[in-house]
Amino acid sequence: MEMFASKSLQVEGLLFGVCSPEEILATSVVEVTKSCLKAETGSVYDPRMGSAGVDDDDALCPTCENTGRECPGHFGHIELAKPVVLFYKETVAWLKRCCHVCGTVGNEPRPFFFAPYSACNACGAQRPLVRLVDAHDPCAIRVTVRRKDGEPETMPPELILATLDRVRDSDVDRVLGRGKGSHVRFHPRRLVMTRMPVLPPCCRPNARQWPDGAMQDDNLSVFVSQIVKVNQRIKALEPDNPAVEGLVAQLRLKTLCFVDNTKGKVMHATNRKPMAGIKERIGKKGGLLRQNIMGKRRNQTGRSVVGPDGTLEVDEVGVPEAIADNLTVPVMVTPFNVSSLEAMMRDGRVSSVEMRDGTVHRPSEWRPSHGDHMETADGSPLGRVTRPSYDARDPSVVLRSWKTGETVTRPPPFSWPKLEPGMTVTRCLVDGDPVALNRQPTLHRNSMLGMRVKRLPGKTIRLNLSVTSGFNMDFDGDEGNLYLPQGPQARSETMLLMNPKSVIMSARGPHAEVSLVQDGVLGCHLMSLNSEIPCPPEELATCLMEVHGCEGWDVRDVEKGATPRDLLSSVLPSTLTVDCGGGCRIESGKIVSGHLTKSAVKKIVRAVCLENGGDAAGKLVDKLQFLTNAWLSHRPFSVGYSDCLTERPEETVRMVADAVCSKILEAEAADDEDGVSVALCGARDRGQAVTCAALTPDNRMAVMSRAQSKGDMFNLTQIAGLLGQQYVGGSRPGKEIDGGRRSLPHYPRVWDLEQTTLKYESRGFVRSSFLKGLNPREVFFHAKSGREGMISTSQMTGVTGYAERKMVKLNEDLVSAYDGTVRDAMGNVVQFVYGGHGMDPQRCWSDGCPVNFKTLAEECSSQECSSQISGLRSPAVTSVEEASLLVPVGLCPGAPDPVRESLFLKHASVILKGAEEHPCEDHSAWRERVARSYAAAVLCPGEAVGVLCAQSIGAKQTQQTLDTFHKAGVWLDDAGSVPFGELLGLSQKPMRRQCVVPLKVDPSTPGDEVRDLVGCSFVRRDLLDLLAVRPSTATVGKTASLELDPVKCFELRISPADVAYAVAEKFPPPHFDVSVSSFGVTLSWSVNYPVDNLFTGLFSVQVGGTPGVESYRLLRGRDGGWVAVTKGTNLGAFLCHPLADWERVRTDDVWDVYETLGLAAAKKRLYELMFSCVGDNLYPAHIKLLTDRMMRRGRPTPIDRYTMRTCEVGPLSRAAFEESLDILTGAGCTAETEHCAGAGARVAAGLPVRAGTGYMGLLCGKGFFDEPVVKVPDADGREYVDYSYSDDESFEW
């Protein structure tokens, strides 16, 4: 949004409806009666409807007398020879709702569909059965009615129009529920079209073909031409002509396909391709809403390949000079910049100058015509003009027109006006201009950042490596987009809000998004290791100059003979004290122990950002980057073939082989497939430990792995140790050939005792390394498992991207309000307290706690007190009441009082706990710091928390999917896109439905005895699944024997008596007489009793105690007790089971929890399941907001297109997601009003979104805009205007 007011009017709302024939005629300027595709009167391109071509932009419109560029276009109309039904579903709904004789609608406030064959309360007429037949075929779609004891009859559009015309306006107002007068915008008679509007030609412009430049008519123009042609043919025929029926069918087909041709019923006459109707133009990714309204192409943009540049600062972007000279920005002339602008004007870097009266001066290049004659001043010929731009440069050359022979007069040379304050100069980019850098796909906030321009030679866009993680750039040909903001407000927001220093802290999780990578991390690691050998003087001077430059530095900070670790410590803030983990600790800006890694550097940047702000963190990243670059230039580091070798290769190979053999023996002794997988995974882990221990300390690949700059120990193990077990689909490669007996034809069917290693190789165990080389069979298994990661990367990225888009569209209106609540566009409360704490997670050390109490206690204690025993210190606060005084009083004022009391108690408990665990000496300073930190961490009003939630979760899902590509052969866990997609959709039949049931049995009890105790009470199976052979109906003896499968029945502890009881309960005598045999059940029945039908339902008899559970596994829990993991869920049954520990029973089915325990329990369980999928390194506030959004309506609501259709926002916001035409049609048929409250609707209407800087408003008093009359003399005697109000003035809003 620009700072200055626009001359155009703002859209306040949109009224949807269906036009009546009278309204169509009133807005029409011409009746289209000719089917020719030429600019003729009455044709499809009648000039009175506006311009349609690309070459007549300067022609005047006969209707509005504007040029082709300014003419908005004017509608025409077609008088249809026969009525046409466009919206069949809505038409059938109204036919079911009203009486077909008198048109009366029921008296209910929201009438339902009357029962067919019932009598009308007004006239007593019978209501017929109305059906829509062949709804998906536009050639055969029709409405049928059936009277009682009659046959279905097709209801023609003429009869439909007559029936719906009887509906009274008052009934329409009552049915729509939009208040009195709604029938003005919609009446059911308008569902049958008798007069068709014709779009202006500017809405269906001609397209120029390439390469011949011929004009091609738009599909909609061809549709209109065909409709007009058929319509005129019908009018020309007599009503009783036999050809009329076929032409009417064509007219209705082409009219329907004009709106919706997704079935491709109407095709081009030349290329036989389906033509695009209105629905195809509006919906999908390339439609009008998403391609041209929600997102638009714009000027002042650039695109090029992106590359790294370690000399740039974090917030700088290197722009190629060719792009910088092409992009322009308007600048207001002031006394302070007039000299610099005049210099740019002389250098040719100004494109235009706008005077204060609005006149624009722009240089235009004059060129002679191609073929003009060139002569010297004395008349000597020089030939003809072949290169107009080059030949016009010499002013001494005389030009004569090749047409008339007359001398061509050159225009006078262009001269710029003298610059004065108030003018606007459009200049090229200079260093320091703000520009937005973006890389698609824009998954989260850090995919588009505001940078400072730095003009550089070359043709690639360059940026600092520290910001590449947010863009997900790997410089393998990635391209970046540059967007140049034009207005002063847009430039300020780009410079301040979008700056990388303002978004160093990730909006996704508690880590720094902008930090060192690769060479920078490696340099920090190596420098932190070197704490004894001093730097040479040249190296020391180079590093200090690179970091501090000409600003200078205090020589006392870096002593003579400083080591690389001292150099690294000199860059850190002197007040920094942080425990980086892994034995690395920094105290008072000095590295006192350990060494730096990538995670340690991120923790340092995060600590500096939280304590000193984003600017300080950005400067720290710059200094670390420049310091490591300079230091590595003196200490080269490269990896070679020798780094792939261990210190003693033969011994390493032997030790790895021994480890593999021992684990293979464990796999042989395993009872099930899970035990085999655990043993084989242990072989890879043992091989990794052996390989890493055999590497030399200075091995460069190991150094990079320990520094976390590139690679890890897993890669080293695959290179020098072994690849280990390969997995496909979460399990070992199966035996897929030779009837399921072999995995490859190279392996035998039966294994000898000496072929144990080969046996596991046939199931994908690779004991070779890349250094040794894989045999062809191992290569096959490795490629087979690696394919899974590749396919997952290529296919699941689209799945996760669509999931993110669904979350964004349904949560884009969720914004934090000024009262601390989270509300949607309609003002409905989604959360009373954001995240349960009301704090901005990016400003907190932990979830909802913005204070690092340990560091704060050290800072608020003297050095003498710190060195003494901790008993000399005392807690700064001693009670909850005292701690609650440090919480901001205005925290979440819109929440109910009980919620606020709980919130204050929660924060006070955290403060009290921090004070007790970390006592200090200066209590007043401690309290002041805590109060200031809490006040600064309160969530800002207008924060788009819904979009942040969706982007954070979506980016995390996408990153998890991309990571699978780099883990070829590893057992990929299923806590990823598929389960999370099921949670978003709240599938009632998820792929994995299980219950975890802890058992109340002695942990020392053997597993078989536990199964005996449980019996078949945990399962219920169909009788057919338990049979060894399916019997047929006996014809002799009237008996049947059901033979049970002993393996299945023993595993489930289902006895023949249980089967007999279940059969007898469903089919008691005289149906069957049931008796138990050795391991089966015998059925007998009466001789004259028919049992053929009974046998059909016999095999569906349920045997067991818990419906919905097929089987279960017994596992050991973390506490050593027995846990039953079931396949299938029935939470209610397990909560009541005497052997189940009901307090710890868990199920993965959210709907089962909702139906058993209610909404609160389902919400908590949904949060736990989502946290297990994506909660790692993610702010819990995002998941809490998403679960609250899904549970806000009082029942679980999925995140999908059906929920979007029932949202309370306007139809335009809903149509911007999916099913655009259906939603807009429904809005018109229900006379909805779009108030432009949702984010999507405001973007489509050209309004600022109510979030961020567009969230606040301005309240002014009545006299605010009055001319000030009070003049007060200043100290020098000059008068100035006093804009303040006096105390006795009345101030009214």
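Just so it is clear, glycine is given a Cβ too, placed from its N, Cα and C backbone atoms.
Within the set 555-567, 646-658, 776-788, 854-866, the record from Swiss-Prot flags 776-788 under the feature region 'Bridging helix'.
Counting only same-chain residues at least 6 apart in sequence, those with a Cβ under 8 Å from the Cβ of ASP478 (Mg(2+) 1 binding site) are VAL305, VAL306, ARG439, PHE471. Looking just at the region 'Alpha-amanitin binding' (724-734), the mean pLDDT is 81. Summarising the environment of ASP474 (Mg(2+) 2 binding site), the number of other Cβ atoms within 10 Å of its Cβ, over all protein chains shown, is 9. Beyond its flanks by at least six residues, the compositional bias 'Basic and acidic residues' (354-376) meets 330, 382-386, 388-389, 391-392, 396-402, 405, 408, 410-411, 414, 416-417, 420, 422-426 of its own chain at Cβ-Cβ distances under 8 Å. DSSP assigns ASP474 (Mg(2+) 2 binding site) to coil in the three-state reduction, placing it in neither a helix nor a strand.
Each of VAL306, MET473, PHE475, GLY477 belongs to the same chain as ASP474, ASP476, ASP478, is absent from that list, and has a C-beta within 8 angstroms of the C-beta centroid marking the Mg(2+) 1 site.
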